[in-house]
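K.L.:
Following this message is one structure expressed as structure tokens.
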Amino acid sequence: MRERVAMPIKIPDHLPAKEILLKENIFIMDESRAYTQDIRPLKICILNLMPTKQETETQLLRLLGNTPLQVDVSLLHPSTHSPRNTSKEHLNLFYKTIDEVKQQKFDGMIITGAPVETLPFHDVNYWNEMTSILDWTTTNVTSTLHICWGAQAGLYHHYGIKKKPLTTKLFGVYSHKLEVKNVNLLRGFDDVFYAPHSRHTTVSREDIERVDELIVLSSSEEAGVYIASSKDGKRVFVMGHSEYDAHTLKQEYERDVKRGIACDPPFNYFPEGNVDALPPLQWRAHSNLLFSNWLNYYVYQETPYHLDD
């Protein structure tokens, strides 16, 4: 086992998330400073499919920066989709497409959720590109962490597991339990822990358990399967949003109300049911442990020192 040394996360110069993370005392390093350090950081790419790209960047970088490992992050977006909520200037400055990195290998990859879950996969306008990216991860990434719709897309493409519509939106903060205890990804997890969900579709436990290569790691009575993975750890599927900030569900609720969409307040979220109050962050410890375990045990401990090996 390699010795672990406290190291920062390396991010692009001038990325807006930098100032937020510095104020939160997250250990980060910009590119120009990182060049003076003679070590190999972990190469992590993030395929950011969320409409609120800058907020998602901050959420994920916060978690990756709270580990004792130096991480070099590349941000990716689909070239076949033009986001409405992110400027072209931001994308041009900080993002790459798969064509620009497909000859490279990465230690780890994160594929985010996306607001397209009610569409059939093949109706998503970047689905063909998405399948190419998922195929690419098999040969070019040591371990890939899929989140929410990203998890559903990965399960469908790699294993043929279909998502199923829910009668009502699964929306709130739910308790979860461990299904197994001798798996590195779950090291240090509480027996019961909380995480947010925000989705209109689900994947059934029975469908996952029919695939010999997969294992269910954590579940919720209300929310169903929460974490599943391939038995070799190369693919991890998280159905919820442990990366969310305390206010994220509140913003989603207020957005839907403003649009006139019938929507109940998030379950187990607002203090005493007061929708004007800022809820406490009940899942911070779980989220940090999930990402640090993935980064350490499934990426750092498994990746070759020379990525081309």
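Glycine is treated like the rest: Cβ placed from N, Cα and C.
As annotated by Swiss-Prot, site 'Important for acyl-CoA specificity' applies to GLU117, with the evidence given as sequence analysis. Among the features that Swiss-Prot reports, active site, acyl-thioester intermediate is placed at CYS148. Taken from Swiss-Prot, the feature substrate binding site covers LYS169, SER198, ARG255. Summarising the annotation, Swiss-Prot assigns site 'Important for substrate specificity' to SER198. Feature annotation from Swiss-Prot assigns active site, proton acceptor to HIS241; the stated evidence is sequence analysis. The feature active site is assigned by Swiss-Prot to GLU243, with sequence analysis given as support.
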K.L.:
Among the recorded positions listed here (GLU117, CYS148, HIS241), which has the Cα closest to the Cα of LYS169 (substrate binding site)?
P.N.:
GLU117
K.L.:
Using only the Cα atoms of LYS169, SER198, ARG255, which the record gives as binding substrate, return the largest interatomic distance in Å, rounded to a whole number.
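P.N.:
Greatest Cα separation within the listed binding residues comes to 15 Å.
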K.L.:
Which of the recorded positions listed here (CYS148, HIS241, GLU243, ARG255) have a Cα atom within 10 Å of the Cα of GLU117 (site 'Important for acyl-CoA specificity')?
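P.N.:
Matched recorded positions: CYS148, sequence order.
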K.L.:
Could you state the whole-number distance in Å separating the C-alpha atoms of GLU243 (active site) and ARG255 (substrate binding site)?
P.N.:
19
K.L.:
Please determine which of the recorded positions listed here (GLU117, GLU243) has the lowest count of neighbouring CB atoms within 10 Å.
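P.N.:
Counting other Cβ atoms within 10 Å of each of the recorded positions GLU117, GLU243 gives the minimum at GLU117.
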K.L.:
Check ARG255 (substrate binding site) against DSSP and tell me helix, strand or coil, would you?
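P.N.:
DSSP assigns ARG255 (substrate binding site) to helix.
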K.L.:
Here are some binding-site residues: LYS169, ARG255. Which one has the most Cβ atoms within 10 Å of its Cβ?
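P.N.:
That would be LYS169, with the highest Cβ count within 10 Å.
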K.L.:
An 8 Å radius from the center of the LYS169, SER198, ARG255 Cβ atoms defines the neighbourhood of the substrate site; name the other residues of that chain inside it, in order.
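P.N.:
For the substrate site, the extra neighbours are PHE171, LEU249, GLU252, TYR253, ASP256, CYS263, PRO266.
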K.L.:
Does SER198 (substrate binding site) have same-chain partners at least 6 apart in sequence with Cβ under 8 Å from its own Cβ, and which are they?
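P.N.:
For SER198 (substrate binding site), the qualifying residues are CYS148, LYS169, LEU170, PHE171, HIS241, TYR244, LEU249, GLU252, PRO266.
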K.L.:
When you measure from the Cβ of HIS241 (active site, proton acceptor), how many other Cβ atoms are you left with inside 10 Å?
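P.N.:
For HIS241 (active site, proton acceptor), the count of other Cβ atoms within 10 Å is 25.
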